[in-house]
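Student: According to Swiss-Prot, the record shows the following:
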type: BINDING; residues: Tyr58; note: chlorophyll b 1 binding site
type: BINDING; residues: Trp80, Ser86, Glu99, Arg220; note: chlorophyll a 1 binding site
type: BINDING; residues: His102; note: chlorophyll a 2 binding site
type: BINDING; residues: Arg104, Val153, Leu183; note: chlorophyll b 2 binding site
type: BINDING; residues: Gln137, Leu147, Glu215; note: chlorophyll a 3 binding site
type: BINDING; residues: Ser157, Glu173; note: chlorophyll b 3 binding site
type: BINDING; residues: Gln165, Phe263; note: chlorophyll b 5 binding site
type: BINDING; residues: Gln165, Arg176; note: chlorophyll b 4 binding site
type: BINDING; residues: Lys214, Gln232; note: chlorophyll a 5 binding site
type: BINDING; residues: Asn218; note: chlorophyll a 4 binding site
type: BINDING; residues: His247, Ala256; note: chlorophyll a 6 binding site
type: MOD_RES; residues: Arg36; note: N2-acetylarginine
type: MOD_RES; residues: Thr38; note: phosphothreonine
type: TRANSIT; residues: 1-35; note: transit peptide
type: TRANSMEM; residues: 100-120; note: transmembrane segment
type: TRANSMEM; residues: 152-172; note: transmembrane segment
type: TRANSMEM; residues: 221-241; note: transmembrane segment
Amino acid sequence: MAASTMALSSPAFAGKAVKLSPAASEVLGSGRVTMRKTVAKPKGPSGSPWYGSDRVKYLGPFSGESPSYLTGEFPGDYGWDTAGLSADPETFARNRELEVIHSRWAMLGALGCVFPELLARNGVKFGEAVWFKAGSQIFSDGGLDYLGNPSLVHAQSILAIWATQVILMGAVEGYRVAGNGPLGEAEDLLYPGGSFDPLGLATDPEAFAELKVKELKNGRLAMFSMFGFFVQAIVTGKGPIENLADHLADPVNNNAWAFATNFVPGK
């Protein structure tokens, strides 16, 4: 039977197109007709600038045409994939999962790098407030006290800390991948909701869709921030807050360009 498209008039399908193709519509020997309906997936909240074909693109009005597989259905899709990393649907799904998980870890990590140093500069005592130096306290004579309190966790073995981290983080990731754990089962492994949404932020679908975009935007910034913190630690040997204070005090001599020239051959 030739492929055809018809609009159903019933309220349940009003305004939706139903496609009949040779593979989905066949006249059987008994004279019965078998049909399969195909309804397009929702593109996101109506009127949102972050979803759909008219969404915000990576270069705004100067953006070229987006690849056909980037339809604006998912949060954070700005229509840019020069390397074709999202062309395969399974790879795309896996990369989306990895990006969201790494974004969340990066946001926590960036906060952990900055906050102790801010507290230390405002009079709160730490054994070591700089993030990349804190772990080395475990090799000191007194070991490492979490939050400076020996009654919480008094660590003196790097192997014990490593094993504890593997067990705890492995358990959390195992529960996430399996979709079940002490807090119940989750249908969506990236956005489980339920006990993980005690404030009910995801109850409104349109607000939830906007929050997904905000999470990815902040997560991507956090991943770049963590990369910058690593580079700063290697080049200056200082934490991010101290580097910022040095730059504000003397921006001419304390900036990325000034430090980059230190690595020029022959200098």
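The count begins at 1 with the first shown residue.
Any Cβ shown, glycine's included, is placed from N, Cα and C.
Given the structure is predicted, the values throughout are model-derived calculations rather than measurements.
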Student: Indicate whether Val153 (chlorophyll b 2 binding site) is helix, strand or coil by DSSP.
Tutor: coil
Student: Would you mind listing the long-range same-chain contacts of the transmembrane segment (100-120), meaning Cβ under 8 Å and 6+ residues beyond its ends?
Tutor: 126, 129-131, 134, 190, 215-216, 218-220, 222-223, 225-226, 229, 239-242
Student: Considering only the binding-site residues Glu99, Lys214, His247, which residue has the minimal Cα-Cα separation from Glu173 (chlorophyll b 3 binding site)?
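Tutor: Closest candidate to Glu173 (chlorophyll b 3 binding site), judged by Cα separation, is Glu99.
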Student: List, in sequence order, the same-chain residues at least six positions removed whose CB sits under 8 Å from that of Lys214 (chlorophyll a 5 binding site)?
Tutor: none
Student: For the chlorophyll a 1 site (Trp80, Ser86, Glu99, Arg220), what does the 8 A shell look like? I mean other same-chain residues with CB within 8 A of the CB centroid.
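Tutor: Output for this site, in sequence order: Gly76, Asp77, Tyr78, Asp81, Asn95.
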Student: Between Glu215 (chlorophyll a 3 binding site) and Ser157 (chlorophyll b 3 binding site), find the distance joining the two CA atoms and give it rounded to the nearest Å.
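Tutor: It is 36 Å, counting Cα to Cα.
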